[in-house]
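Taking it in order: structure first as C-alpha coordinates, then the write-up.
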Amino acid sequence: QSLFALFASSLAISLVFAIIPLCHNVVVLAVVMAMAGLAMGCIDTISNMQLVKIYQKDSAIFLQALHFFVGFGALLSPLIADPFLSDTNCILSNSTANASSNLPHIRKSLVPHHPGNLSHYDLPMKGMVVTRVSYAFWIMALINLPVPIAVFFLLYKERMVPCFSSSSHPLLSADEQGMETRPAEKEDLSTAVQRPRAAGGHDDLFSCCQSKNFRGASYTYFAVHITGALVLFMTDGIVGEYSGFVYSYAVEEPLSVVHKVAGYLPSLFWGFITLGRLISIPVSYRMKPATMVFINVVGVLVTFLLLLIFSSSVVFLFVGTASLGLFLSSAFPSMLAYTEDILQYRGCATTVLVTGAGVGEMVLQLLVGSIIHDQGSYSFLVCGMIFGGLAFTFYALLVFFHRMYPKPSSDMDDASPDKAAVMDDTGQYQR
(Lines of atoms letter the chains of each structure in order from A; the text may use other names.)
(Lines give C-alpha, C1' and ligand atoms only; values in the text may rest on other atoms or scores of the structure.)
Protein backbone atom coordinates (compact mmCIF):
# COMPACT_ATOMS: atom_id res chain seq x y z
CA GLN A 1 0.00 0.00 0.00
CA SER A 2 2.85 2.38 0.79
CA LEU A 3 4.51 1.80 -2.58
CA PHE A 4 1.23 2.22 -4.46
CA ALA A 5 0.49 5.45 -2.57
CA LEU A 6 4.02 6.77 -3.23
CA PHE A 7 3.70 5.94 -6.94
CA ALA A 8 0.32 7.65 -7.29
CA SER A 9 1.39 10.71 -5.30
CA SER A 10 4.73 11.24 -7.06
CA LEU A 11 3.09 10.81 -10.47
CA ALA A 12 0.39 13.30 -9.46
CA ILE A 13 3.09 15.88 -8.66
CA SER A 14 4.46 15.74 -12.22
CA LEU A 15 0.97 15.91 -13.71
CA VAL A 16 0.01 18.87 -11.54
CA PHE A 17 3.13 20.86 -12.47
CA ALA A 18 2.45 20.18 -16.14
CA ILE A 19 -1.18 21.31 -15.83
CA ILE A 20 -0.65 24.50 -13.75
CA PRO A 21 0.38 26.72 -16.73
CA LEU A 22 -2.75 25.60 -18.59
CA CYS A 23 -5.11 26.72 -15.81
CA HIS A 24 -6.91 29.91 -16.92
CA ASN A 25 -9.47 29.89 -14.13
CA VAL A 26 -8.65 30.53 -10.46
CA VAL A 27 -11.07 27.83 -9.25
CA VAL A 28 -9.43 25.21 -11.48
CA LEU A 29 -6.01 26.37 -10.28
CA ALA A 30 -7.14 26.06 -6.65
CA VAL A 31 -8.34 22.48 -7.22
CA VAL A 32 -5.08 21.54 -8.94
CA MET A 33 -3.00 23.09 -6.13
CA ALA A 34 -5.10 21.22 -3.55
CA MET A 35 -4.29 17.96 -5.35
CA ALA A 36 -0.59 18.86 -5.25
CA GLY A 37 -0.78 19.54 -1.51
CA LEU A 38 -2.55 16.22 -0.89
CA ALA A 39 0.08 14.32 -2.90
CA MET A 40 2.97 16.07 -1.13
CA GLY A 41 1.43 15.31 2.26
CA CYS A 42 1.17 11.60 1.37
CA ILE A 43 4.80 11.49 0.23
CA ASP A 44 5.99 13.30 3.36
CA THR A 45 4.12 11.02 5.75
CA ILE A 46 4.85 7.70 4.04
CA SER A 47 8.56 8.33 3.43
CA ASN A 48 9.19 9.33 7.06
CA MET A 49 7.09 6.48 8.45
CA GLN A 50 8.71 3.78 6.31
CA LEU A 51 12.25 4.96 7.10
CA VAL A 52 11.43 4.67 10.81
CA LYS A 53 9.93 1.19 10.39
CA ILE A 54 12.71 -0.16 8.19
CA TYR A 55 15.80 1.22 9.95
CA GLN A 56 14.45 1.65 13.50
CA LYS A 57 17.37 2.65 15.77
CA ASP A 58 19.44 3.65 12.73
CA SER A 59 16.61 5.77 11.32
CA ALA A 60 17.98 9.08 12.67
CA ILE A 61 20.75 9.15 10.04
CA PHE A 62 18.38 8.28 7.20
CA LEU A 63 15.80 10.85 8.36
CA GLN A 64 18.51 13.55 8.37
CA ALA A 65 19.49 12.53 4.83
CA LEU A 66 15.85 12.58 3.70
CA HIS A 67 15.26 16.07 5.05
CA PHE A 68 18.55 17.32 3.61
CA PHE A 69 17.11 16.59 0.17
CA VAL A 70 13.85 18.30 1.17
CA GLY A 71 15.82 21.47 1.96
CA PHE A 72 17.99 21.04 -1.15
CA GLY A 73 14.88 20.91 -3.32
CA ALA A 74 13.44 24.01 -1.65
CA LEU A 75 16.74 25.79 -2.37
CA LEU A 76 17.05 24.52 -5.95
CA SER A 77 13.54 25.11 -7.29
CA PRO A 78 13.63 28.96 -7.07
CA LEU A 79 16.95 28.91 -8.95
CA ILE A 80 15.28 26.90 -11.73
CA ALA A 81 12.33 29.31 -11.88
CA ASP A 82 14.36 32.54 -11.67
CA PRO A 83 15.53 32.69 -15.35
CA PHE A 84 11.91 32.54 -16.49
CA LEU A 85 10.62 35.35 -14.25
CA SER A 86 10.18 38.72 -15.91
CA ASP A 87 11.27 42.08 -14.50
CA THR A 88 8.76 43.77 -16.80
CA ASN A 89 5.05 43.29 -17.32
CA CYS A 90 3.99 39.90 -18.71
CA ILE A 91 1.45 41.43 -21.13
CA LEU A 92 2.54 43.60 -24.07
CA SER A 93 0.39 46.62 -24.90
CA ASN A 94 0.80 50.27 -25.78
CA SER A 95 1.43 51.17 -22.12
CA THR A 96 3.96 48.41 -21.39
CA ALA A 97 6.93 50.73 -20.92
CA ASN A 98 5.00 52.89 -18.48
CA ALA A 99 3.75 49.82 -16.58
CA SER A 100 7.25 48.38 -16.27
CA SER A 101 8.44 51.47 -14.46
CA ASN A 102 5.52 51.11 -12.04
CA LEU A 103 6.45 47.60 -10.89
CA PRO A 104 8.94 48.65 -8.13
CA HIS A 105 6.34 51.03 -6.68
CA ILE A 106 3.67 48.31 -6.77
CA ARG A 107 5.95 45.81 -5.00
CA LYS A 108 6.65 48.37 -2.28
CA SER A 109 2.94 49.08 -1.90
CA LEU A 110 2.22 45.39 -1.33
CA VAL A 111 4.22 45.27 1.92
CA PRO A 112 1.68 43.96 4.49
CA HIS A 113 1.70 46.71 7.13
CA HIS A 114 1.29 49.73 4.87
CA PRO A 115 -0.67 48.70 1.77
CA GLY A 116 -0.68 51.58 -0.66
CA ASN A 117 -3.28 52.69 -3.16
CA LEU A 118 -2.65 50.85 -6.43
CA SER A 119 -5.49 52.39 -8.40
CA HIS A 120 -3.30 55.08 -10.00
CA TYR A 121 -0.74 52.58 -11.34
CA ASP A 122 -1.22 51.48 -14.92
CA LEU A 123 -1.02 47.74 -15.54
CA PRO A 124 -2.34 46.42 -18.90
CA MET A 125 -4.74 43.51 -18.64
CA LYS A 126 -5.19 42.87 -22.38
CA GLY A 127 -2.58 42.24 -25.04
CA MET A 128 -0.07 39.61 -26.10
CA VAL A 129 1.15 37.42 -23.24
CA VAL A 130 4.95 37.20 -23.29
CA THR A 131 5.70 35.43 -20.00
CA ARG A 132 7.89 32.32 -20.09
CA VAL A 133 7.14 31.17 -16.52
CA SER A 134 5.30 28.12 -17.89
CA TYR A 135 8.66 26.62 -18.84
CA ALA A 136 9.70 26.58 -15.17
CA PHE A 137 6.68 24.43 -14.25
CA TRP A 138 7.27 22.04 -17.14
CA ILE A 139 10.96 21.69 -16.23
CA MET A 140 10.01 20.86 -12.64
CA ALA A 141 7.50 18.29 -13.91
CA LEU A 142 10.26 16.61 -15.96
CA ILE A 143 12.74 16.72 -13.05
CA ASN A 144 10.19 14.96 -10.82
CA LEU A 145 9.30 12.29 -13.40
CA PRO A 146 12.16 9.87 -12.48
CA VAL A 147 10.65 9.54 -8.99
CA PRO A 148 7.42 7.71 -10.00
CA ILE A 149 9.49 5.69 -12.49
CA ALA A 150 11.79 4.55 -9.67
CA VAL A 151 8.83 3.66 -7.42
CA PHE A 152 7.24 1.74 -10.30
CA PHE A 153 10.51 -0.20 -10.62
CA LEU A 154 10.24 -1.11 -6.92
CA LEU A 155 6.64 -2.28 -7.48
CA TYR A 156 7.84 -4.35 -10.42
CA LYS A 157 10.69 -5.95 -8.45
CA GLU A 158 8.34 -6.73 -5.56
CA ARG A 159 5.92 -8.42 -8.02
CA MET A 160 3.12 -5.97 -7.24
CA VAL A 161 2.40 -5.00 -10.88
CA PRO A 162 -0.37 -7.37 -12.13
CA CYS A 163 0.85 -7.54 -15.73
CA PHE A 164 4.48 -8.31 -14.82
CA SER A 165 4.16 -10.19 -11.54
CA SER A 166 5.36 -13.53 -12.93
CA SER A 167 8.36 -12.26 -14.91
CA SER A 168 10.01 -10.05 -12.27
CA HIS A 169 12.48 -11.12 -9.61
CA PRO A 170 12.16 -9.82 -6.04
CA LEU A 171 14.84 -7.53 -4.60
CA LEU A 172 15.71 -10.20 -1.98
CA SER A 173 16.04 -13.90 -2.70
CA ALA A 174 14.18 -16.47 -0.59
CA ASP A 175 17.31 -17.16 1.46
CA GLU A 176 17.89 -13.47 2.09
CA GLN A 177 14.27 -12.96 3.10
CA GLY A 178 14.62 -15.84 5.55
CA MET A 179 17.71 -14.17 7.00
CA GLU A 180 15.76 -10.92 7.36
CA THR A 181 12.91 -12.49 9.31
CA ARG A 182 15.03 -14.87 11.43
CA PRO A 183 16.22 -13.17 14.66
CA ALA A 184 19.96 -13.43 15.30
CA GLU A 185 21.15 -15.50 18.22
CA LYS A 186 22.91 -12.57 19.86
CA GLU A 187 19.95 -10.24 19.64
CA ASP A 188 18.16 -9.50 22.88
CA LEU A 189 14.65 -10.74 23.42
CA SER A 190 12.98 -7.37 22.97
CA THR A 191 14.45 -6.94 19.47
CA ALA A 192 13.31 -10.45 18.52
CA VAL A 193 9.78 -9.63 19.62
CA GLN A 194 9.70 -6.24 17.89
CA ARG A 195 10.85 -7.46 14.48
CA PRO A 196 7.79 -9.56 13.50
CA ARG A 197 5.48 -6.71 14.49
CA ALA A 198 7.56 -4.18 12.57
CA ALA A 199 7.63 -6.42 9.51
CA GLY A 200 3.88 -6.84 9.69
CA GLY A 201 3.44 -3.09 9.78
CA HIS A 202 4.93 -2.76 6.27
CA ASP A 203 1.99 -4.60 4.74
CA ASP A 204 -0.77 -2.37 6.08
CA LEU A 205 -0.51 1.38 5.64
CA PHE A 206 -3.40 1.97 8.07
CA SER A 207 -2.31 -0.41 10.82
CA CYS A 208 -1.68 2.54 13.15
CA CYS A 209 -5.35 3.56 12.95
CA GLN A 210 -6.69 0.30 14.42
CA SER A 211 -8.47 0.82 17.73
CA LYS A 212 -6.85 -2.25 19.32
CA ASN A 213 -3.51 -0.38 19.36
CA PHE A 214 -4.92 2.06 21.92
CA ARG A 215 -6.54 -0.38 24.36
CA GLY A 216 -4.97 -0.18 27.77
CA ALA A 217 -2.50 2.51 26.73
CA SER A 218 -1.30 4.77 29.54
CA TYR A 219 -1.79 8.54 29.40
CA THR A 220 1.96 8.98 28.79
CA TYR A 221 1.55 7.07 25.51
CA PHE A 222 -0.78 9.79 24.21
CA ALA A 223 1.16 12.59 25.95
CA VAL A 224 4.35 11.69 24.03
CA HIS A 225 2.46 11.88 20.73
CA ILE A 226 0.81 15.20 21.59
CA THR A 227 3.86 17.00 22.98
CA GLY A 228 6.06 15.79 20.12
CA ALA A 229 3.51 17.06 17.60
CA LEU A 230 3.29 20.42 19.41
CA VAL A 231 7.08 20.86 19.27
CA LEU A 232 6.99 20.32 15.50
CA PHE A 233 3.88 22.52 15.26
CA MET A 234 6.01 25.37 16.60
CA THR A 235 9.34 24.67 14.88
CA ASP A 236 7.88 23.97 11.43
CA GLY A 237 5.52 26.90 11.91
CA ILE A 238 8.55 29.12 12.55
CA VAL A 239 10.14 27.84 9.31
CA GLY A 240 7.00 28.76 7.37
CA GLU A 241 6.38 32.17 8.92
CA TYR A 242 10.03 33.27 8.92
CA SER A 243 10.69 32.33 5.29
CA GLY A 244 7.36 33.90 4.31
CA PHE A 245 7.65 37.25 6.13
CA VAL A 246 11.35 38.01 6.66
CA TYR A 247 11.38 39.91 3.34
CA SER A 248 8.43 42.07 4.38
CA TYR A 249 10.03 42.71 7.77
CA ALA A 250 13.35 43.74 6.19
CA VAL A 251 11.95 46.29 3.71
CA GLU A 252 9.94 48.14 6.34
CA GLU A 253 11.21 50.65 8.87
CA PRO A 254 13.47 50.80 10.83
CA LEU A 255 15.64 48.55 8.63
CA SER A 256 14.37 49.73 5.20
CA VAL A 257 16.54 47.23 3.33
CA VAL A 258 16.69 47.60 -0.46
CA HIS A 259 14.18 45.22 -2.06
CA LYS A 260 16.78 43.34 -4.10
CA VAL A 261 18.98 42.80 -1.02
CA ALA A 262 16.01 41.76 1.12
CA GLY A 263 15.15 39.15 -1.50
CA TYR A 264 18.32 37.25 -0.55
CA LEU A 265 17.08 36.64 3.01
CA PRO A 266 14.68 33.74 2.24
CA SER A 267 17.37 32.14 0.05
CA LEU A 268 19.93 32.56 2.84
CA PHE A 269 17.49 31.01 5.32
CA TRP A 270 16.82 27.93 3.16
CA GLY A 271 20.48 27.67 2.21
CA PHE A 272 21.51 27.32 5.86
CA ILE A 273 18.64 24.90 6.53
CA THR A 274 20.05 22.73 3.75
CA LEU A 275 23.61 23.13 5.07
CA GLY A 276 22.48 22.30 8.61
CA ARG A 277 20.76 19.12 7.45
CA LEU A 278 23.88 18.06 5.59
CA ILE A 279 25.97 18.61 8.73
CA SER A 280 23.38 16.74 10.82
CA ILE A 281 23.84 13.48 8.87
CA PRO A 282 27.26 12.63 10.43
CA VAL A 283 26.40 14.44 13.69
CA SER A 284 23.30 12.25 14.23
CA TYR A 285 25.57 9.18 14.15
CA ARG A 286 27.37 10.45 17.27
CA MET A 287 24.70 12.45 19.08
CA LYS A 288 21.38 11.31 20.54
CA PRO A 289 18.22 12.72 18.92
CA ALA A 290 17.05 14.13 22.28
CA THR A 291 20.26 16.17 22.59
CA MET A 292 19.93 17.45 19.02
CA VAL A 293 16.34 18.60 19.62
CA PHE A 294 17.44 20.37 22.81
CA ILE A 295 20.15 22.25 20.89
CA ASN A 296 17.60 23.12 18.20
CA VAL A 297 14.95 24.64 20.44
CA VAL A 298 17.45 26.49 22.67
CA GLY A 299 19.27 27.84 19.60
CA VAL A 300 16.01 29.11 18.09
CA LEU A 301 15.04 30.82 21.35
CA VAL A 302 18.45 32.50 21.78
CA THR A 303 18.56 33.60 18.12
CA PHE A 304 15.17 35.32 18.32
CA LEU A 305 16.22 36.99 21.58
CA LEU A 306 19.33 38.42 19.91
CA LEU A 307 17.31 39.47 16.85
CA LEU A 308 15.02 41.44 19.17
CA ILE A 309 17.98 43.06 20.96
CA PHE A 310 19.71 44.03 17.69
CA SER A 311 16.50 44.72 15.77
CA SER A 312 17.95 47.87 14.15
CA SER A 313 21.01 46.09 12.70
CA VAL A 314 20.80 44.92 9.08
CA VAL A 315 24.02 42.91 9.43
CA PHE A 316 22.70 40.96 12.41
CA LEU A 317 19.44 40.29 10.56
CA PHE A 318 21.46 38.35 7.99
CA VAL A 319 23.54 36.66 10.70
CA GLY A 320 20.42 35.79 12.69
CA THR A 321 18.66 34.44 9.58
CA ALA A 322 21.60 32.09 8.89
CA SER A 323 21.75 31.04 12.56
CA LEU A 324 18.01 30.37 12.67
CA GLY A 325 18.25 28.21 9.54
CA LEU A 326 21.01 26.13 11.13
CA PHE A 327 19.12 25.53 14.38
CA LEU A 328 15.81 24.73 12.68
CA SER A 329 17.40 22.45 10.09
CA SER A 330 17.47 19.18 12.05
CA ALA A 331 14.50 19.78 14.37
CA PHE A 332 12.02 17.75 12.29
CA PRO A 333 14.07 14.55 11.66
CA SER A 334 15.58 14.61 15.17
CA MET A 335 12.14 14.88 16.78
CA LEU A 336 10.86 11.98 14.66
CA ALA A 337 13.80 9.81 15.70
CA TYR A 338 13.49 10.80 19.37
CA THR A 339 9.74 10.18 19.61
CA GLU A 340 9.88 6.88 17.76
CA ASP A 341 12.74 5.80 20.02
CA ILE A 342 10.45 6.32 23.03
CA LEU A 343 7.60 4.41 21.37
CA GLN A 344 9.70 1.43 20.15
CA TYR A 345 9.85 2.40 16.44
CA ARG A 346 6.38 1.37 15.38
CA GLY A 347 5.97 4.26 12.91
CA CYS A 348 2.56 5.33 14.21
CA ALA A 349 3.87 8.48 15.90
CA THR A 350 5.30 9.67 12.58
CA THR A 351 1.86 10.33 11.10
CA VAL A 352 0.87 12.41 14.14
CA LEU A 353 4.13 14.39 14.07
CA VAL A 354 4.03 15.07 10.32
CA THR A 355 0.42 16.23 10.61
CA GLY A 356 1.27 18.52 13.53
CA ALA A 357 4.18 20.03 11.58
CA GLY A 358 2.02 20.64 8.51
CA VAL A 359 -0.77 22.26 10.51
CA GLY A 360 1.75 24.49 12.28
CA GLU A 361 3.28 25.63 9.01
CA MET A 362 -0.16 26.60 7.74
CA VAL A 363 -1.67 28.15 10.89
CA LEU A 364 1.31 30.18 12.10
CA GLN A 365 1.77 31.84 8.70
CA LEU A 366 -1.87 32.98 8.75
CA LEU A 367 -1.57 34.12 12.36
CA VAL A 368 1.69 36.05 11.93
CA GLY A 369 0.50 37.63 8.68
CA SER A 370 -2.59 39.08 10.34
CA ILE A 371 -0.59 40.25 13.39
CA ILE A 372 2.01 42.03 11.23
CA HIS A 373 -0.78 43.72 9.31
CA ASP A 374 -2.38 45.06 12.52
CA GLN A 375 0.60 45.63 14.84
CA GLY A 376 3.56 46.41 12.57
CA SER A 377 6.76 44.70 11.50
CA TYR A 378 8.32 44.49 14.98
CA SER A 379 5.66 41.96 15.99
CA PHE A 380 7.27 39.55 13.50
CA LEU A 381 10.21 38.98 15.86
CA VAL A 382 8.01 39.03 18.97
CA CYS A 383 5.87 36.23 17.50
CA GLY A 384 9.01 34.22 16.70
CA MET A 385 10.24 34.65 20.27
CA ILE A 386 6.90 33.45 21.65
CA PHE A 387 6.81 30.44 19.33
CA GLY A 388 10.40 29.55 20.25
CA GLY A 389 9.54 29.72 23.96
CA LEU A 390 6.51 27.48 23.42
CA ALA A 391 8.64 24.98 21.48
CA PHE A 392 11.09 24.80 24.39
CA THR A 393 8.22 24.38 26.88
CA PHE A 394 6.67 21.53 24.91
CA TYR A 395 10.08 19.88 24.58
CA ALA A 396 10.52 20.03 28.38
CA LEU A 397 7.10 18.38 28.76
CA LEU A 398 8.11 15.68 26.26
CA VAL A 399 11.24 14.90 28.28
CA PHE A 400 9.09 14.74 31.44
CA PHE A 401 6.65 12.26 29.85
CA HIS A 402 9.58 10.28 28.44
CA ARG A 403 10.88 9.73 31.99
CA MET A 404 7.42 8.57 33.08
CA TYR A 405 6.87 6.32 30.06
CA PRO A 406 7.10 2.60 31.01
CA LYS A 407 10.30 1.01 29.78
CA PRO A 408 10.43 -2.45 28.17
CA SER A 409 10.43 -5.08 30.88
CA SER A 410 13.54 -6.68 29.35
CA ASP A 411 15.44 -3.58 30.47
CA MET A 412 13.89 -3.51 33.95
CA ASP A 413 14.20 -7.15 34.84
CA ASP A 414 17.55 -8.44 33.62
CA ALA A 415 17.68 -10.89 36.52
CA SER A 416 14.97 -13.04 34.95
CA PRO A 417 16.12 -13.85 31.41
CA ASP A 418 14.09 -17.03 31.33
CA LYS A 419 10.82 -15.07 31.37
CA ALA A 420 9.44 -14.27 27.96
CA ALA A 421 8.75 -10.65 27.13
CA VAL A 422 5.46 -10.05 25.36
CA MET A 423 4.48 -6.86 23.65
CA ASP A 424 0.87 -5.85 24.14
CA ASP A 425 -1.28 -3.91 21.69
CA THR A 426 -0.08 -0.55 22.95
CA GLY A 427 3.53 -1.26 22.04
CA GLN A 428 4.55 -1.73 25.69
CA TYR A 429 6.26 -4.82 27.13
CA GLN A 430 4.76 -6.97 29.83
CA ARG A 431 5.95 -10.09 31.65
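Backbone N, Cα and C atoms are what each Cβ position is placed from, and that goes for glycine too.
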_Listed range which TrEMBL flags as transmembrane segment, given the options 33-51, 261-279_ = 261-279
_Distal contacts, the transmembrane segment (316-338) - CB-CB under 8 A, six or more residues away_ = 48, 52, 59-60, 63-64, 66-67, 71, 228, 231-232, 235-236, 238-239, 242, 246, 250, 255, 257, 265, 268-277, 279-280, 283-284, 288-290, 292-293, 295-297, 299-300, 303-304, 306-307, 310, 349-350, 353, 357, 398
*Do we see three or more Cβ pairs under 8 Å linking the transmembrane segment (59-80) and the transmembrane segment (378-401), pairs being at least 6 apart in sequence?*
no
*What stretch of 219-239, 261-279, 291-310 shows the most Cβ pairs under 8 Å to the transmembrane segment (378-401)?*
219-239
